[in-house]
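In TrEMBL this protein carries:
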DOMAIN    A:78-155  domain 'Acyl-CoA dehydrogenase/oxidase N-terminal'
DOMAIN    A:161-269  domain 'Acyl-CoA oxidase/dehydrogenase middle'
DOMAIN    A:281-444  domain 'Acyl-CoA dehydrogenase/oxidase C-terminal'
DOMAIN    A:461-587  domain 'Acetyl-CoA dehydrogenase-like C-terminal'
Number of protein chains: 2
Amino acid sequence: MPSYTAPIKDMQFVLHDLLNVAADSTPGYSDLDAEFTGAVLEEAGKVASEVLSPLNVVGDTEGCVLENGVVRTPTGFKEAFEEIKQGGWPGIDLPEEFGGQNMPYIMYTAVGETASAANQAFTMYQGLTHGAASAILVHGSDDQKATYLPKMTSCEWTGTMNLTEPHCGTDLGLMRTKAEPQGDGSYKLTGQKIFISSGEHDMADNIIHLVLAKIPGGPEGIKGVSLFIVPKFMVNDDGSLGARNGVSCGAIEEKMGIHGNSTCVMNYEEATGYLLGEEHKGMRAMFTMMNEARIGVGMQGLAQAEVAYQNALIYAKDRLQGRAVTGDENPDGPADPLIVHPDIRRSLMDQKSFVEGGRAFLFWGSKLIDQSHRGGDEAAEGLVSLLTPVIKGFLTDQGYDMTVLAQQIYGGHGYIEEWGMSQFTRDARIAMIYEGANGVQALDLVGRKLAADGGKPIMAFFDMIKSFIKENEGNEALKADFLDPLKEASKHLQASGMYFMQNGMKNPNAALSGSYDFMHLFGHVCLGLMWAQMAKAAMTALEGGASDTSFYKTKIATGRYYMARRLPATAMHLARIETGAETVMALEADQF
Amino acid sequence: MPSYTAPIKDMQFVLHDLLNVAADSTPGYSDLDAEFTGAVLEEAGKVASEVLSPLNVVGDTEGCVLENGVVRTPTGFKEAFEEIKQGGWPGIDLPEEFGGQNMPYIMYTAVGETASAANQAFTMYQGLTHGAASAILVHGSDDQKATYLPKMTSCEWTGTMNLTEPHCGTDLGLMRTKAEPQGDGSYKLTGQKIFISSGEHDMADNIIHLVLAKIPGGPEGIKGVSLFIVPKFMVNDDGSLGARNGVSCGAIEEKMGIHGNSTCVMNYEEATGYLLGEEHKGMRAMFTMMNEARIGVGMQGLAQAEVAYQNALIYAKDRLQGRAVTGDENPDGPADPLIVHPDIRRSLMDQKSFVEGGRAFLFWGSKLIDQSHRGGDEAAEGLVSLLTPVIKGFLTDQGYDMTVLAQQIYGGHGYIEEWGMSQFTRDARIAMIYEGANGVQALDLVGRKLAADGGKPIMAFFDMIKSFIKENEGNEALKADFLDPLKEASKHLQASGMYFMQNGMKNPNAALSGSYDFMHLFGHVCLGLMWAQMAKAAMTALEGGASDTSFYKTKIATGRYYMARRLPATAMHLARIETGAETVMALEADQF
């Protein structure tokens, strides 16, 4: 059975050596000294390893079962959910007034990575609740907050997000679910929603559904969509639970992975709902949560890559097969461990340099969220809006690829379910799809974010890179291995942006044909920047006499790998982008 | 439910416009006129669409069940297997004297692609039989051939290949299964084999296991391995079946995919076996089949990509979601079909240009097999030996990636099992692993094939490209879009080979660190060559007044896409290769 150990040392390195959180002026950050974050992560890691990880295979094997309208979660999930609740984990970053611990979002991300790596399907129950609670927190009335948030912060009640319908996913303007006003401030919702994660289950007393629907007579399309709170059980004025509402689970989907999470078809039959936010402003209300939700999915991609890598590494050190080409390294054994082989190293280094670089990127994005939400920093808000589709799209695409690499190290043992490597791949696959399929992320990036606010955020991003290179250009240890490749990759990103600007106006397809490559090019530049900064941080630590020299030297070596072996992808993406739409759009639909 | 239609027109284009098989002097090729191959493929395609494809999801859902030592295949498999047998498909390329049809291997490949695309798990039962029969054909005594081949050619008896043991896969020298000589020419085999595809099932009267084992007292390691025929039921002198042999299925594996094929743990307990070929020459006997078997797996990768692409295309034309950025294309409908969106096009063109280019590569490799086996052409033998790891590694890696792209087009519907897209991905995953994991293919390519026969095959490959470019350099229609990019990509391949030659001797790790990138670089150059040649063939057809101009124009446009958007990967692979072993091997094992 696979195992998981929270990479606390790596996380601490990112929080403190790289991002220096405790010295940051963002409200709440001064509490985040190394001792405090270490203690939180230690405890979170323990829960992940001891409670969540052992249930990962159980969840995959048993799945969820729907019987007579009730969904039974896999053996042990209920008890584990109790432990999570008692530990106060679900509300770690939610306001104290509703029972949360009010930690910064960056801590929610770090803790979330450990939980998600250990058991993605399980962690989604609290993840969806967190998303729904955040929406109520921002858009809810005082009454709504008082009614729902305390119970959702503790996960006594869980939450869901209902967007997709059978005929519409990305294009929510086609939505058919209707909300009829009842004259008393409430609405009756009727329609069908699909792919509702955690839509029905047996781990909470109540489930608070956030549902997008159209109020008859409102504007056509996406502009006529409103957001509603639809509780599974009505909530009485005294907070006790009342009658069952007109919402039920019609089916649960058989899926490629995340079997432990119930993906439900939800039927609304004159279900009572309450408007959340303003009429017809449902999409805006959803969008406020979008950056966080998408960063959360990027985190999932990274988390599966991390746990898959950990297990690939164990196997690569353990499995004896073949001999090192440069001479036996385990002469007393029947063969050398897999890790002696260069191609196994290539695979492990791909994985290692991605998860460590990706984590830095993810935590940096989370810090920007805090700077924006807690610190009111508009530049941070602009930058994280720009980076969000990259964090989501790049980390989930590459994260998935890394689980495939990790699985490959097991050979045939990676393909059978016994070793658990297949599950990491199957679970990781969903993150490329939900919360906006990655093609939609690329479209959002190129079609919307790049030109947002007159291009200020992207300019700020390039300025960051330029400043970093300039500040360190005298640093010989950084120059050839880090600064030069970063400069080169950054030029490719700029050239792509330039290509879009020069061609996108007269032919939008010329820009959109390169959107996916651009998202990946951007992701590589971000990880290149992270690695250059981490290398500098590691060098600084070594110069400062840090005792664990091996740890910091390993960081630098891993960064050098990324710069030398992964970053060259940027030139390829640029070459593809610069071919424009011509070959992409050459065929008529019936020529396919 | 997904569907499958054999791409007969594309196949005919490769066979006749590109490879001009009927005019080839290879024995048997003069029969392969367009009418004949068209009729065979038409019939094969009908079986694939009507018999095999509908059972694909059934096989995935039901899987195989082991009860009291007997494996039950999924509903309908038995009846379908009868149809396949009655059609004479399993022995299409086997000798007439044993009941086969003696067609060239290229036809076995083409027909195999249709069957494998429609139902990979099912098709493996005959595929393994074919492999075992081929081994007996080459290495068996006259008696052995007479005893086994007629029944195996018809698939009344099926076959298996037993190599892997729990502690050894790639490194078969560690093998523990023993074969004790009995003094009467027979042996008693004892040991355990794992991952035995089609190891036990209910569709044949007998199963002929080919088993690698060690004869005590023989040489150490891989040089002491011999190959044995171990029938499930003993065969009497009159050909009737006798007692059950000491071989049984101990378990069937739960796998990520190919659930319809029984992947067995096989236990040999003093099972009677007969030496196939010479003592201690078992690996050599296996290797004779290796090229064909590996090309067959490359075919599987391509086949899953083809069927996944077909279904992605159907959905992209059917699903209405969003509007074209350049103006509504379906103004009377609620939205435009997915296929209007540039990023969907990018994905579809990636898939289309891969499957068509990959098929040309695959069929070319199969033609080389025929030229070698039927024509005794040593240059062809050398070239196909060189190309085999590329066909296997590149087509299965890229084929898998294409199934992931196809799945992505379905959004959330691609993740649930209902639409069948997840199965294509899960089934395709195995082809990267079995018959030599792709890392081993890369090692074989760089460590063995590149320098084989003094480098003659690789020189011959480069000469082919040079000649083609030279012959056509006056062709303006080909030059910029096809010849120039091919020349560039080919230079990258040559530079990589040069790097290996200059650095591999003093540090083998410097070459092996780049082996995987080299395999992919090589694959791209091969597909670039195929596309350049196909573009020329299409232009020739158009100049010759071919009536279906749209078909040929589509070929050229698809080729232009490949050259412009896929081939630029070669520069990236070269850049990675030229960084050598330094960053790959920088860490000590305990630094990971």
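Each residue, glycine too, has its Cβ placed from N, Cα and C.
No curator has checked TrEMBL annotations; they are predicted automatically.
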Helix-strand-coil residue split for the domain 'Acyl-CoA oxidase/dehydrogenase middle' (A:161-269), DSSP-based: 7 helix, 57 strand, 45 coil
Across the domain 'Acyl-CoA dehydrogenase/oxidase N-terminal' (A:78-155), average pLDDT on the 0 to 100 scale: 97
Per-state residue totals over the domain 'Acetyl-CoA dehydrogenase-like C-terminal' (A:461-587) - DSSP helix, strand, coil: 101 helix, 0 strand, 26 coil
Residues in the domain 'Acyl-CoA dehydrogenase/oxidase N-terminal' (A:78-155) grouped by DSSP into helix, strand and remaining coil: 58 helix, 0 strand, 20 coil
